[in-house]
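Taken verbatim from Swiss-Prot:
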BINDING   Asp35, Lys43, Phe48, Val88, Phe123, Asp284, Thr325  FAD binding site
Amino acid sequence: MPNEVYDVTIIGGGPIGLFSAFYSGLRSMKTKIIDAEPAVGGKVRYFFPEKIIRDIGGIPAITGENLVANLKQQAETFHPTIVCSERVVDVTKLADGTFQLTSHNGSIHFSKTIVIATGSGTFEVNKLEALHAEDFPFAIHYDVKNIEQFRDKVVVVSGGGNSAIDWAQTLEPIAKKVHLIYRGEDFKAHEESVRELKNSRVEIHIHHEISELIGTNNQLTEITVCCNQTQTTKTIETEALFINHGVKVDLGTMAEWGFKQADFGIVVDDEMKTTVPGIFACGDSATYPRKIRIIAAGLHEGPIAINSAKKYLEPTAADEAMISTHHESFIG
């Protein structure tokens, strides 16, 4: 039904949005997820499907692909409506308090509350635009769907953040050789990841930047790197190049929706309330003092946002859902 009104609409179908949808089901809320991408999963699905995620309690290690699959299966427990390939561009509060959400394609959605779980917004990788990179469309990579294609190959990773280091470590056991190129010296990554990197077989080239791509017939065979301290150059043989130079994020029109924002997201209180009554935020969308930006923390914030939405609709409702082991939905 086009004018159907939902109790809560979750904008963003990444890990936090998916778990929030599961929890809203525990609270018997009619739920919709709207995601801008063709499928749910967020950045984890698109950029880290084969990376190992280790920052969720009780799960020592899981690939991004499997994490998303598990969260999607869990979210579907209570049959939320999931809408993909729609980017919400406008939110208006109607006279009766209902929110009208308008998508980029003109679709209209109605909801009594909204939970924003869009992460840092829509995203686009920073691509290597210079050095005739377009000549090597099959050798330059920004994400990976099948890591096995790099088995026994010489691979170069460029970047100095968590993503670059994670890829270097993920590729190291299967590639013939892995080089890591970083223009700086102090890696912008978790301390333990850096320690493991330095103890691995990955050959690290700090203070170096890629200055030339060499190959024929769309096949990359070598790269030249230049030391930004001495201006000396060296050539590295390679068959594949990973570029991890960050992403461009876009909050779109959210700045116009009326809530307070800061440098790192939408300002919320300890109940995940934004400055607009009825709109809540969680995960990387939200910011507050001493916030921890890991998936596990977002999985905690999602239920808080849902509980606040429930109380907004029903002030006398319980503060939180019955735990799943005692919830009526799971008792025979």
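Think of each number as a place in line: the chain as shown, counted from 1.
Just so it is clear, glycine is given a Cβ too, placed from its N, Cα and C backbone atoms.
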Inset, instruction - Let me know the DSSP-derived helix, strand or coil state of Asp35 (FAD binding site), please. - result: coil
Inset, instruction - Provide the three-state secondary structure of Phe48 (FAD binding site) computed with DSSP. - result: coil
Legend entry - For Val88 (FAD binding site), the three-state class that DSSP assigns: strand
